[in-house]
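Now, the feature entries from TrEMBL:
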type: DOMAIN; residues: B:36-334; note: domain 'Aminoacyl-transfer RNA synthetases class-II family profile'
type: BINDING; residues: B:Asp81, B:Met82, B:Thr83, B:Arg111, B:Gln125, B:Glu129, B:Tyr275, B:Tyr276; note: L-histidine binding site
Protein chains: 2
Amino acid sequence: MSKPKVFEKPTGVKDYLPEAAAKLRRIEYRVMQCMERWGYREIITPTLEYYDTVGVASSTEDKKLFKLLDRNGTTLVMRSDMTAPIARVASSLLKEHPFPLRLSYQANVFRAFEAEAGRDAEFFQTGVELIGDASSEADAEVIALAIACLQAAGVQQFKIALGHVGFLNGLFQETLQQRQDAQTALKACLLSRDHVGYRETIKSLGLPREMQQELEGILRLRGGEEICRQARQVTKDPVAQHAIAHLCEIWDVLEAYGVSEHVLIDLTMIGDFSYYTGMTFEGYAADMGFPVCSGGRYDNLLAQFGRPAPATGFALKTNRILEVIGKSKAEEAPQRVLIVYTEHHRAAALAKAREYRSREGFIAETRLLADGQQGLNAVRQADGALQVHGSRYCDIISFTE
Amino acid sequence: MSKPKVFEKPTGVKDYLPEAAAKLRRIEYRVMQCMERWGYREIITPTLEYYDTVGVASSTEDKKLFKLLDRNGTTLVMRSDMTAPIARVASSLLKEHPFPLRLSYQANVFRAFEAEAGRDAEFFQTGVELIGDASSEADAEVIALAIACLQAAGVQQFKIALGHVGFLNGLFQETLQQRQDAQTALKACLLSRDHVGYRETIKSLGLPREMQQELEGILRLRGGEEICRQARQVTKDPVAQHAIAHLCEIWDVLEAYGVSEHVLIDLTMIGDFSYYTGMTFEGYAADMGFPVCSGGRYDNLLAQFGRPAPATGFALKTNRILEVIGKSKAEEAPQRVLIVYTEHHRAAALAKAREYRSREGFIAETRLLADGQQGLNAVRQADGALQVHGSRYCDIISFTE
């Protein structure tokens, strides 16, 4: 193994230069403000957690966890999501707080580098957890909030794909009972959205024609409210039927919120977290192949921390939203003023800088001129800005003889 | 080693519940805004860095670094400060950007648990680096900005202690040449502000009376501008003389900024980072025994990353400022409204919630009543607030029959 070069950083992590950092912070700020207005209160948890508690509960594959040892030889992990840490806090420091509990977070999370392109080892999330409410009303609230947050972040075009883990579990249990391998193979195809592979796997199973059609038919179960009706015909399994009924209730609430136009029911969707127990959803922005948000219901996680309770929530992938927004035009930037001065006029120049810095929308930089220097070489740009040494200013104010 | 309990978290790390988290974020937001107005632009660097580059340059003791291995067996560290990562970026991604370069950050940094009480393993910093300017003007700028940031954060009473590593280095070189052990022992006393130990160490050295007085005398070198004059008499060493001259220049600029009342020259001060090469400073809030900010000049660090340049900067210890501010009265909180409704009135209730959420200063939570339930048990508090299940609201709006 060779020594890293001085300018290198580890695989899968990024630097955000000023323009990108400003956009990322603006997204975070607006999203957190939106969550606050819906009654969600931010909590901050540590980057490091115990492997045996939060690490195990987090549902991230073991090999994807960043692990280290503390001085007592206990294994720590760098958090791989925020849902498990928040479940820990809800069950300990906040255990006396009555339900429902509405909590939000902005945090960086860590998953060890994966071979696939585009996967980051450290990424930024903003999200909420609504704990202690098992109703479809609660599920709809977090979906409607996810939509409001995407809009607050400036994502213009997006769709929320809404599914339910109970539908596929029930359907597969009905059609492929005792054939766990086949169930696993089909779910893997759906998770990677490999519909060709899904159809081929079904053919290879040697199922009765009717059952084969039933399993193939679900690939068409994507759309609006009508999907709920259609899905009811597909399966008689009670778990699947219950899932469909729950999705229909969620849909009704989303209509009352006036946001169902953004939602697409997709019964082939599988959430990427093993702790999901009910509805799951993903948000897709136009032109992006990967979700910008994901969420779902997880009714069994809190019991692992000693305070059994239903819960639902989501996370926005803030740095992916940056990739969507980053292409759009920058918002109105503050006016940047450069104040140059000779030593003799220092106090007046610094007072002027102070005045600008106290005004909304202004930035002031100061520069002492060298002895005998009477000004700076500023180059007027086509858009009127003044350029000095690669920096742009709207105005240069001189305090010189 | 026993397995951790489900509710435990690693030693030295914290959860911030909503009230503390809101205050911490408010401090960060205001400080970052202040830095922006002075022309500093935020950058974000990764939590993980290579040990051989940033880890070694960071000046944190090796045993205090959190280390882990990546898949290739290369040692990574969780960043222990932000100065070294920013030096890396200034020398790589920003290497074409002309000087001066003004950068800011808000970040969590990590230092492995120390036995002493009150030391966190993870803590929050906001700070700036002014790179490519060797002048005392630049040093004064970052000190004046630190003062503006402390004020923006809401710290009412504080003092900045200002020193220079060159003064003690020069003085000790003059008086204790060849006696490195004695120099180290005396510096250790000053670092821990152990003046009794300092005096005793001097006595034990068997120095000529005059030299002994000279070394003891520096303990009195704390105060305003007059200290510069007094210090000039103490030593003839050119390094120490140069340090004093530089401090006097900084003082003049701080007077022009109108902030010298907050500054105390303290020539016994030793910065806690080995990379400091010039002036160093620490900010102390009233009633707090530990600094809430620290900074200094580090003219040799960037050369380690291949772009030699002078630099100066500071970091505010945001979570310590929270401890100062946390005692003060909370600022005006948004108005929290609870909207309760029966299923029949859902659309009207959710529209009302939407209306509140779009108004500045309002938070709206919603709650569906159970079948047959006509309202909630709200208890009017002494201050007029309505309490429901441990949550407080300024108003409860009902959409029921």
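Placed from the backbone N, Cα and C atoms, the Cβ positions cover glycine too.
Features as recorded by TrEMBL, highlighted on the structure.
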residue: B:Asp81; record: L-histidine binding site; DSSP class: coil
residue: B:Arg111; record: L-histidine binding site; DSSP class: coil
residue: B:Gln125; record: L-histidine binding site; DSSP class: strand
residue: B:Tyr275; record: L-histidine binding site; DSSP class: coil
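Mean pLDDT for the domain 'Aminoacyl-transfer RNA synthetases class-II family profile' (B:36-334) in this predicted model: 91. Neighbour density at the Cβ, taken as the number of other Cβ atoms within 10 Å, is lowest among the binding-site residues B:Asp81, B:Glu129 for B:Asp81. Residue environment of B:Thr83 (L-histidine binding site) contains 29 other Cβ atoms, counted within 10 Å of its Cβ in all protein chains. Taking every pair among B:Asp81, B:Met82, B:Thr83, B:Arg111, B:Gln125, B:Glu129, B:Tyr275, B:Tyr276, the residues listed as contacting L-histidine, the largest Cα to Cα separation comes to 21 Å.
Comparing local CB density within 10 A for the binding-site residues B:Met82, B:Arg111, B:Gln125, B:Tyr275, B:Tyr276, the maximum falls on B:Met82.
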